[in-house]
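Asks: Handing you this structure, nothing more for now.
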Amino acid sequence: MSDTTQTLPKAGKTLSGGRIDLLIAALLLAMAIAAPFVIESRYMMGQLILGLFWASVAVQWNLLFGYAGVFSLGQMAVFAVGGYATAMLAYYLDLNIFLAIAAGAVIATVFSALVGLACLRLQGVYVALLTYAIAQVIYLLIVTDTNCFEMVGTTCRQFTGGATGFARFGDFGMRAILKGDWIKGNYAIVLGCFVLSMLVSWIILHGPMGLAFKALRDNQAYAVARGINRFHTQLLVFGLSAFFTGMTGGLYATHFQAIGPGIFSISSLLFILAIAVVGGVGTFWGPVVGTIVLMVADELMREVGSFRSIGLGLIIAFAVVALPRGLVGRFSDIFHKHKS
Amino acid sequence: MSETKGTSLELEGIHAGYDGPDVLHGITLTVPQGQIVTVVGPNGHGKSTLLRTISGLTARRAGRIRLGGQDLTGLRPERIAALGLAHVPQGDLLFPEMTVYENLQMGAYLSRDPQQFAALLEDVYALLPRLKERHGQIASSLSGGERRMVGIGRGLMAGARVLMIDEPSLGLAPLVIEQIYEVIGTLREQGRTILLVEENPARVAHLSDVMHLLDDGRLTWSGAPAELLEREELLETYLGG
Amino acid sequence: MDILIAIITTGLTNGALYALATIGLSLVWGSMGMLNMAHGALLALGGYAVFSVATTLGLPVWLAVLAAAGAGALAGVILYICVVRSLIRTAGKNFETSVMIATVGISISLQNALLQVYGGQPLKQPFGVSGAFRIGDSVVPWLNVVIILVSVVVMLGLALLISRTRMGRAIRATAQNREAALLMGVAVERTYLQVLALSGAVAGICGVLVSSVTQLSPTLGADPMLKAFIMCVVAGLGNLPGAVAAAFGLAMIEAGVQFGMGARWGFPVLLMLVIAILIWRPNGLFGRAQIRRM
């Protein structure tokens, strides 16, 4: 590698680090599989599952922003679309929950592709603003929905679930099989899906499309001159990332047996941004590392309760200023300096 | 204008570059008070980088720069400008949405003295009457030659001790180039101190007191203009005739 | 006829508020290529500053409004010193996105800090005018007139500052060509500081006006900021007169839709319109090419 990679080092190194990736993956996977046999506390298992949800969304956001250069602030909206679609299909049509999750992922993909058609031709910041605005509009339309769709007992229920959302539309069926250990069954399902999404991301990033992303990110004019269609590539990754984000939304709704408009809140988007920024935008393991760090930090800040959000916001700002490529970027810089 | 006799601008072993390796490899030259010193050389060999380094836009990696005896090491561009160095950059870099008059006003940004401003403006208008005609016009709507004149006028408005002009002929039609160099000829008669950069030595030989040949980041020849024009092998090798 | 007057009153009032929120954002974007996601939180800060100074300390309201502007300006200065300055120096081509993410963080922190200090229950803030006058059969509150007047005065003041003063020239010069501004001796970093302070001051006053219509809550700036984003995008980021025109125009349309189709459809219709405009003109209606900061 030439010395000019000093300024743009991320891409090339992860490529050559395929073996390192495998090692890290094996280690993490071993820990993740061992966890339910070691951990007895249901609360801890719940937190692990929650961590997997966050990590999954952050991984997909990182794929979009860190690799494809699309700065979207609508990630939680895609997540919510997946969750809502799952809940509504199961609630209204009594669809099998796994089918509903798959359908939710597809609907999220279609939704995202439509958004992409509307805004991917725009410059970076415009994309961010529009995706943010679209997410807010959906949120506002849901919470201000007051039209009665059906009566449940004496209360009226809106088609979109209104301000309360949906609950008790089905679960993974683990309570019937595993009884008290149902949460470990849920964990297995969520972990399996997470591993799948990581695997697909890895394959994509190391295939021709990954090269196209890198070319577009590092030198757009050159990439376009070499026949890479920016719009198509970005739309493709928009859809792909939406599929797994939507799927995670469906899993989330099913695990908690509830979904409501709160998921659109800026603080959940913020948590995703924080995970990616602290871990390292544009690095493969960044979102995973970021999730671990922030879940632990969050756990510690539980003590100070109401100051949690203040702390989270400051952590983000600090990380952007002091760790431009996150903990993983920082670590790999040190690692590579040491080696050379 | 402050009148300290002797050397105005001194460069000693300047190394500079952008992200990659050095573009300038140890430039040493002086611009004496009241003289026009010209650096000629092929494009892409560091002429603009040299001026940018002097005015602080490009980071200097080694060497010293002194202006009227004052060390410019580590100073930011706005401080260097305040010490009396005006830089007319390549491609003018006008303020495109401002009028000609506002551009000239920006040239005198550092002087808060309205009388001095009026005097400088009168000088510039006398030298470049076209600017007076066009004073209310938006800069981006001017012709190439007019834009160049605004660039030079804006540089003069600083009332600086040393003026640096980067390729005033760049991208202009031959007739317009002649006009621009006539203006610089007038500046020479006024006894100004100028560091000029140009690709074609024939255009500036009659204006220069000293000429330097910049090749691949090094000064390969220095001397009187007449000598350079006689050295045909130099012109051949470096400038393609 | 009554509906028309109601639409015009609402449209003009909201237009004034949006315009004020928009020019603060647009000024910062235009001069430094920074999208300040904490702008909405600065609005809230201004609203609470008025409450603290006038209601809690009992000082006159006009002084409290000045304090709100001061608080916003101070927040802008702190934001610059703690976050923006080092990002400008280090983030390079990632500046645009980095500064957005960082200011999202600052915004959440500031809103939650306000929540901690003032509590979650909505407060009534002291700035306001009671009474109304009639046009035909419709009632127009004096408060709306005051809001429009104050907005116009602030915007005119800002316009004069930008177009006529030495500081304003330096701001415009920096926006149009940063390198050339440096060569003219403009201390560009100080200009950035001034821009954020100015924008913060305008945001503070805007927050006072917004909270006089709604009520004080830490998230009071979220909705105006969202609208302001839309206005900025329609006008083309960084275009101040365009932003003002877009603000009034879109506010009128929004008011019309709200009266015609119901309040909840105002913003969705607006957004559809914006998306259509952007597909037609990706740089906004009056947009200019990318600004050069680096």
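Note that Cβ sites are derived from N, Cα and C of the backbone, with glycine treated the same way.
Per TrEMBL, the feature transmembrane segment maps to C:6-29, C:41-59, C:65-87, C:99-119, C:139-162, C:192-216, C:228-253, C:265-282.
Burial and contacts for the listed features, if you can.
Replies: Long-range contacts of the transmembrane segment (C:6-29) within the same chain, counting only residues at least 6 positions beyond its ends with a Cβ under 8 Å from a Cβ of the stretch, are 35-36, 39, 42-43, 138, 140, 144, 147-148, 151-152, 154-155, 158, 162, 195-196, 198-200, 202-203, 205-206, 209-210, 213, 221, 224-225, 227-229, 231-232, 235, 237-240, 243-244, 246-256, 258-259.
When Cβ-Cβ distances below 8 Å are used as the criterion, the transmembrane segment (C:41-59) is approached by residues 21, 24, 65, 67-72, 75-76, 106-108, 110-111, 114, 117-118, 123, 125-127, 199-200, 203-208, 210-211, 216-221, 224-225 of the same chain, each at least six residues removed from its ends.
Nonlocal intrachain contacts for the transmembrane segment (C:192-216), taken as residues 6+ away from its ends with a CB within less than 8 angstroms of a stretch CB, comprise 13, 16-17, 20-21, 23-25, 27-28, 31-32, 36, 39, 42-51, 64-65, 68-77, 79-81, 84-85, 88, 118, 122-125, 127-128, 143, 147, 150-151, 154, 158, 161, 167, 171, 174, 224.
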Asks: Mind checking which residues reach the transmembrane segment (C:139-162)? Cβ under 8 Å, same chain, six or more beyond either end.
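Replies: Distant Cβ neighbours of the transmembrane segment (C:139-162) are 5, 9, 12-13, 16-17, 19-20, 23, 27, 128-133, 168, 171-172, 198, 202, 205-206, 209, 212-213, 240, 244.
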Asks: Excluding the flanking five residues on each side, which residues at least 6 beyond the ends of the transmembrane segment (C:65-87) place their CB within less than 8 Å of a CB in that stretch?
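Replies: Result: 32, 34, 36, 38, 42, 45-47, 49-50, 52-53, 59, 95, 98-99, 102-103, 106, 110, 127, 189, 192-193, 196-205, 207-208.
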